[in-house]
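S.K.: This is the structure I have questions about; it appears just below.
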Amino acid sequence: MPEPRSARSSVQDLLLVGASHRGATAALRERLFLDGSAAPAILQRLKQQGFGQALTVVTSDRCELYVFHPDPARGAAALRAILAASAGLAPELVSAQLFERRGVTALRHLFSVAASLDSPVPGEPQVLEQLKANHRSSIEAGLVGPELEAMLQAAYVTAGRVRSETPLAEQPVSMATAAIDVARELFGDLGRCSALMLGIGEMGERMAAELQKGGLTRLTVTHPAAARAELTARRLGCHFRDWAELDAALAAADIVIAALGAGRVVVTTEAVKAALKARRHKPMLLLDAALPPDIEAAVGELDDAFRYDLDDLERLAMEGRTPRGSAATRRQAAETAARILAEETARFEARYAEPGYAPALAALRAELEAERAKALAEAGGDAEAATRLLVNRLLQRPEAALKAVAGEGKDASTLAALLGRLFGIDGSTKEKT
C-alpha cells in the first residue's frame, strides 16, 4: 500500500513506470496497449491503492503510469503490480519489459511525450490529443491535484513551442502526403481503391486518415485483438475484419498499410505472392508504417508489388520539398526541440521550487475545467445553457465569501478590490462617463 502523499508533492516525488514500443514484446503490447477505455479501470486501481494524483498515458505505442510517491521503490513496485494485473500476467513476466523514470527525468519524459519527441515518427500530433484525453480521464477520476495539473500545463506549453518553433510536426504530414502521391500515381482515382490497415499505430492511422481525405472510401482495419480493430474502425468510420482472414483481406486490398509494430515480419513475401495470384497480378501498394518493419523487405522485389517503408516515404517527402527538408535542417530541428525541452524543464523546476502561486493557479484551473465539463454534460451540448450554468457556478463561491466577510462585521472592500484586480474589473457602482 503506498504511503500517503504529503500535502504538497514535489517534482522529486514524481514517478513513472510504463511500457512502450521501444522495449515491450508484442505479446505484452497486445495486452497493455488498449484504447482509451482502459484508462478508467487503471485509474480506479491506482485510486484503490491510495495514490492521490495519477495519470495514465495509454496510446497505441505506450502505456505509462505517472504518480507521486515519497518512496520510489515502493511506489514503483505498486505500479508494476498494477500493470501486470492489467495485462493479466504475473509481475515477474512483465517487470523486465517495463521502464522507470523518477523526479526530473520523469518530468522531462512527460514533456517529450507531449511534444511527440518520443514517438516512432517525431512530430505526430495525435499523441498530444491522446494525452489530453487521458488528462480528462484523470480529472473525472478525481486524481488531478495542483502539482500534476501544473506539470501537464507545462507539458502542453512545451509541445506548443516544439510545434511552432521547429518543422518537426511537418514530417508525419509530409510523409502521409508522399504516400497519397504514390497511391495516386499508381491507381489514379483513390475512390476506386480498397485499403487494408494492419494494426493501429499512430503513423498508420495518419496515413489512413489522409488517404480518406484524398478520396479513399473503402478502408478495412484488422488486428490480432478483434476489439481493437473494431474500436479503430469506429473511430475511422470504416469496416473491420477478423485477423484470421488476413490472407483473404490482403488479396482484396489495393493498398496495404502495415502499422502493427509487432517487432517481427507480419506480411511475408509468400503471403503477398499468394495475394497477387488471387488478384491476377493487379498492382498492390504496401506502405510499411512500423518500426521495425511489418512487411518483409523482399516483397518490394515482386512484380506488381510496390513496397514503401518510412525511410522511402521520408526520402520522397524531402524530394518534393524545398531545401528546408534537408538532413541538416532536420538535425537542427531536433537540436532546437531538445533545447526547448531543457528550457521548459528548467523553467518548471525553478518555478515549482519557489513557494508561490503556481500550484494554486493549477488547482484553480483543474477546478474550472471540472465545472466546465459538468456544465456541458448537464446542458446536453447546448452552448448557451452551458455557459449560463458555468457563470452562475463560478460566481457562487466569491459571492458567498464576500457575504460571509460582511456578515462577520468586517470590511469586505479589500476582498472586493482583490477580486476586481484579479479579473480586471471596476467593482464600484459609479456611473461611467
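Every residue, even glycine, has its Cβ placed from backbone N, Cα and C.
TrEMBL does not curate its annotations; it predicts them automatically.
So TrEMBL lists the following for this protein:
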type	residues	note
DOMAIN	17-166	domain 'Glutamyl-tRNA reductase N-terminal'
SITE	HIS109	site 'Important for activity'
BINDING	SER119, GLU124, PRO125, GLN126, GLN130	substrate binding site
DOMAIN	182-315	domain 'Quinate/shikimate 5-dehydrogenase/glutamyl-tRNA reductase'
BINDING	GLY199, ILE200, GLY201, GLU202, MET203, GLY204	NADP(+) binding site
DOMAIN	337-425	domain 'Tetrapyrrole biosynthesis glutamyl-tRNA reductase dimerisation'
S.K.: Nearest to GLN130 (substrate binding site) in three-dimensional space, by Cα, is which of the recorded positions HIS109, GLY199, ILE200, GLU202, GLY204?
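M.R.: Answer for the nearest of the recorded positions: GLU202.
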S.K.: Measuring Cα to Cα, how many Å separate GLY204 (NADP(+) binding site) from GLU124 (substrate binding site)?
M.R.: 11
S.K.: Nearest to GLU124 (substrate binding site) by Cα, among ILE200, GLY201, MET203 (binding-site residues)?
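M.R.: With Cα distances computed to GLU124 (substrate binding site), the winner among ILE200, GLY201, MET203 is MET203.
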S.K.: Helix, strand or coil for GLN126 (substrate binding site)? Use DSSP.
M.R.: helix
S.K.: Using a 10 Å radius around each Cβ and all protein chains in view, which of these binding-site residues has the most neighbours: GLY199, GLY201?
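M.R.: Per the Cβ count within 10 Å, the most buried is GLY201.
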S.K.: State the Cα to Cα distance, in Å, between GLN126 (substrate binding site) and ILE200 (NADP(+) binding site), rounded to an integer.
M.R.: 12
S.K.: At the level of the C-alpha atoms, what whole-angstrom distance separates GLY199 (NADP(+) binding site) and PRO125 (substrate binding site)?
M.R.: 19
S.K.: Based on Cα distances to GLY201 (NADP(+) binding site), point out the closest of the recorded positions HIS109, SER119, PRO125.
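M.R.: Nearest in space to GLY201 (NADP(+) binding site), counting only the recorded positions, is SER119.
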S.K.: Just counting, how many other CB atoms are there within 10 A of the CB of GLN130 (substrate binding site)?
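M.R.: A count of 22.
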S.K.: Could you measure between GLU202 (NADP(+) binding site) and HIS109 (site 'Important for activity') for me? Cα positions, answer in whole angstrom.
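M.R.: A Cα-Cα distance of 19 Å.
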S.K.: Roughly where does the domain 'Tetrapyrrole biosynthesis glutamyl-tRNA reductase dimerisation' (337-425) sit in mean pLDDT, to the nearest integer?
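M.R.: Averaged over the domain 'Tetrapyrrole biosynthesis glutamyl-tRNA reductase dimerisation' (337-425), per-residue pLDDT gives 77.
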